[in-house]
Each structure stands twice: as structure tokens, then as C-alpha cells.
Amino acid sequence: MVYIDNIAAQEVLDSRGNPTVKATVILSDGTVASAIVPSGASTGKREALELRDGDDRFGGKGVLKACENVEVAIADELVGLSPYNQAEIDAIMKELDGTNNYSKLGANAVLGVSMAVARAAAKSLHMPLYRYLGGANGVIVPTPMLNIINGGAHADNDVDLQEYMIMPTGFDSFKEALRASAEIYHTLKKLLAEDGHPTALGDEGGFAPNFKNNEEPIEYILKAIEKAGYKPADEVNIALDAASSEFYKDGKYELKGDNKVLSAEELAEFYADLVAKYPIVSLEDGMAEDDWEGWKILTEKLGDKIQLVGDDLFVTNKTILAEGIEKGIANAILIKPNQIGSVSETMQTVRLAQRNGYNCVMSHRSGESEDAFIADFAVALNTAQIKTGAPARGERTAKYNRLLEIERDLLYPEYIGKELF
């Protein structure tokens, strides 16, 4: 019987130069597999807790305590167990932690081990990760949301909305869709440069210049789509991540880029005007995570027109999602494994969403690494959508390149962008 022989952890750097956990699992058959945990910038209040050292190293952001928890507390419980029972492994770590948000061991410690165990098990069985986790059902190569203009907490500019994304929905393959997206990205860079805008990049590889308001980035993206030779709405649509918790103050929404302070009703109307004017098919975190009344207003106004994605709202938590489903809040959920803390819990949330007709969008974090786990995970769970940044910066393209490999390797890959909306 193959069993877990050893578990190790190392402090490594993410794409923002901050420390994160790399966990390595060694099996008795000699299989070695590792996983690197991502980290977010705009985080929901109810996310699972990253354990940081809080000392002088790395401005308090070191993760040596989390690494120690992997090598001592977690390893003591898991060494000797079969790696092929993911649910059991994750349940043991959850019980060992004993809190509802992994504040004892750290979600960065637990998730690192959870991912590494899954990868080791797949490798030991000579299976690709997506096939190991998804079985024969994992056939949909997800339609990407590519964040090509960054604002909010992801950039040092005066744009309030955090992400302006393109969705290449009108193509027959992921390969074609990614090519179109890259061409649009490069065209956008030229357009910005021609107008005297700096083309510095934000955390997720998108451009981050200043604009006169929150609508101007959409105009630039539409120009780039057309100039690159593609058709807005027919081939390429627009998705937004407002990350509105970041500009929610005292029950109001402060849009500094537009010099406006809006109520939830007024903000919903602001979005409705954008949706009527532009080919916007998806809006993430349109209201603040604590403003459930605002979410109800937004869902009633736009829920039958576009995809309304809860990120900070649901934090990949099945209990919170169940409450949202019961109250008719949003119609889609962003899936970030490090928000909930383990592979198994992520899968449970996805299954709940899919059973109730909520779309799922697999997602990276702004602090990423070369680890492409979520690419396989998206295919395994048939999320049909993935959000992993611009077609630039190695930690972003690692996911896209892995999806290209998966599409090539699948016997009958499905790219269903045309059917999403």
C-alpha cells in the first residue's frame, strides 16, 4: 500500500515578493509533489486565515510558523496514511486545527498540504491532476476572464473598479480564444501608449494608467477589441470586478474616479447603465460583502440580464453560499481554494453551486506563483470559467499554458463560451 512518507514545507516568494508556503509531499513509492499557496490583496472578512509570523522579517509577513505547522503538527497526523483519500486527509487537518477559519494551523499551511497530497496521488497513479480530481467528467476547458486593465487594490491609480476583463466567448477552442485575447491585450497597450498613458502593469498583469472616470477603461477595451480585428459582443465580451467592499464607507459607495457618493440603489443603477451601453456579461462583487440588502437590489435589477458573481460575498464557503441561494442573492460564485482552506471543501462548494444553478468561476489571487493547480482544478470541476489575470507575467501565463496542454491532451475537449450567457 502506498502511504505518505514525509511532508515538508518551505517559505518561498509569491508574485508580489511576499512570503508564502510551499508544501512538499513524499510518498512511499518515491513520488514527490509540491504546491505553492497564493495570497490575496482585497480579501473578504470571512475568508480562511493565512498565518503570518508578525515579526521583523518581511514586514511581519513571514510564514515560518505555518511551515512549522506543516512539518510538525500536520505531518504527525498524516504520515502513514493513504494519499488517495483526499476527503479523509482534509477532514483530519480540519479537525486538527479545530477552528472555523484555520486560525490555529493557518489556511496557508493546510491548503498547501491539501494541494500537494492531491498532486502526489495523481502523479503516483500516472494520471493528470484534472483527471484524478474530476474523473471522466472533466472535459470543459474554461472560458477565461482576462484582467487587462487593473484598478482598485490591484493598482496605484485613481480607478475605483478593480478589474476590467475581456471574455473571449465566441470561439470554438481555448487556443483560439487565448490567441484573440493576447492580440487584444497588445493592441490595448499600443492604444494607451499612443494617447500618452503609461503602460505599467498592475499585480495581475493588466495595465494600470489613470483614467478620467470608471467608464473610460471600457471604451479603451472596446477600441482594442475592434482594432485587433474582433467583434465586441459576438466574439469578445466584457466582465467587471468592482470589488466594491473596497470603496464602501458608512453605508455608501464612494466612486472617487467619478466624484460620486452613491447609495446601493444608485450604484445598481450605475451598473445598469453600463450594462445597457456596453457588452458586459459579468459583474463581480457589485455590492459590498456586508451589504446584503444592496445585493438583493442588484440581483433584482440585473440578475436576469448578466452574471452576478459573489467573491468577498461568499468567500468559497458553502454555508454562506447556501444562505445566499436561500435569499436569492447573486447567481454565480468565484472559487478561490485559499478562501476556504482545502481541496475537498472547495469541491463541496462547487457542487452546491452547480446543484442550485449558480455558475462557478475558478480564480487565482493577486499574489500568485508559477503553480498552475487551479487550471487542472477548473477542468476537473467543470467550472466552465476561469479568472487568472492578463496574458502576461509568468505566474498568470503558467495557468493559461497549462490549459493549452490540457485542451491538447483531452480526446474531446469542450469550449462552451458561446453557451455561457
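The backbone N, Cα and C atoms fix where each Cβ goes, and this holds for glycine too.
In Swiss-Prot this protein carries:
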BINDING   GLN162, LYS336, ARG365, SER366, LYS387  (2R)-2-phosphoglycerate binding site
ACT_SITE  GLU204  active site, proton donor
BINDING   ASP241, GLU284, ASP311  Mg(2+) binding site
ACT_SITE  LYS336  active site, proton acceptor
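Projection of Swiss-Prot feature records onto the structure.
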residue: GLN162; record: (2R)-2-phosphoglycerate binding site; DSSP class: coil
residue: GLU204; record: active site, proton donor; DSSP class: coil
residue: ASP241; record: Mg(2+) binding site; DSSP class: strand
residue: GLU284; record: Mg(2+) binding site; DSSP class: strand
residue: ASP311; record: Mg(2+) binding site; DSSP class: coil
residue: LYS336; record: (2R)-2-phosphoglycerate binding site; DSSP class: coil
residue: ARG365; record: (2R)-2-phosphoglycerate binding site; DSSP class: coil
residue: LYS387; record: (2R)-2-phosphoglycerate binding site; DSSP class: strand
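Among GLN162, LYS336, ARG365, SER366, LYS387, the residues given in the record as binding (2R)-2-phosphoglycerate, the maximal Cα to Cα distance rounds to 17 Å.
Using a 10 angstroms CA-CA radius around the residue listed as 'active site, proton donor', the binding-site residues that qualify from ASP241, GLU284, LYS336, ARG365, SER366 are ARG365, SER366.
Calculated from their C-alpha atoms, the gap between GLU284 (Mg(2+) binding site) and GLN162 ((2R)-2-phosphoglycerate binding site) amounts to 10 Å. When the Cα atoms are compared, LYS387 ((2R)-2-phosphoglycerate binding site) and ASP241 (Mg(2+) binding site) turn out to be 11 Å apart. In sequence order, GLN162 are the binding-site residues from GLN162, LYS336, ARG365 with a C-alpha within 10 Å of the C-alpha of ASP241 (Mg(2+) binding site).
For the pair formed by ASP311 (Mg(2+) binding site) and LYS336 ((2R)-2-phosphoglycerate binding site), distance between Cα atoms is given as 8 Å, rounded to the nearest Å. A simple way to gauge crowding: the CB of GLU284 (Mg(2+) binding site) has 29 other CB atoms within 10 angstroms, across all the protein chains here.
Cβ neighbour count for LYS387 ((2R)-2-phosphoglycerate binding site) (all protein chains, 10 Å cutoff from its Cβ): 30.
Those residues of the chain, other than ASP241, GLU284, ASP311, with a C-beta within 8 angstroms of the mean position of the Mg(2+) site C-beta atoms are GLN162, GLU163, LEU240, ALA242, ALA243, LEU283, ASP285, VAL309, GLY310, ASP312, LEU334, LYS387.
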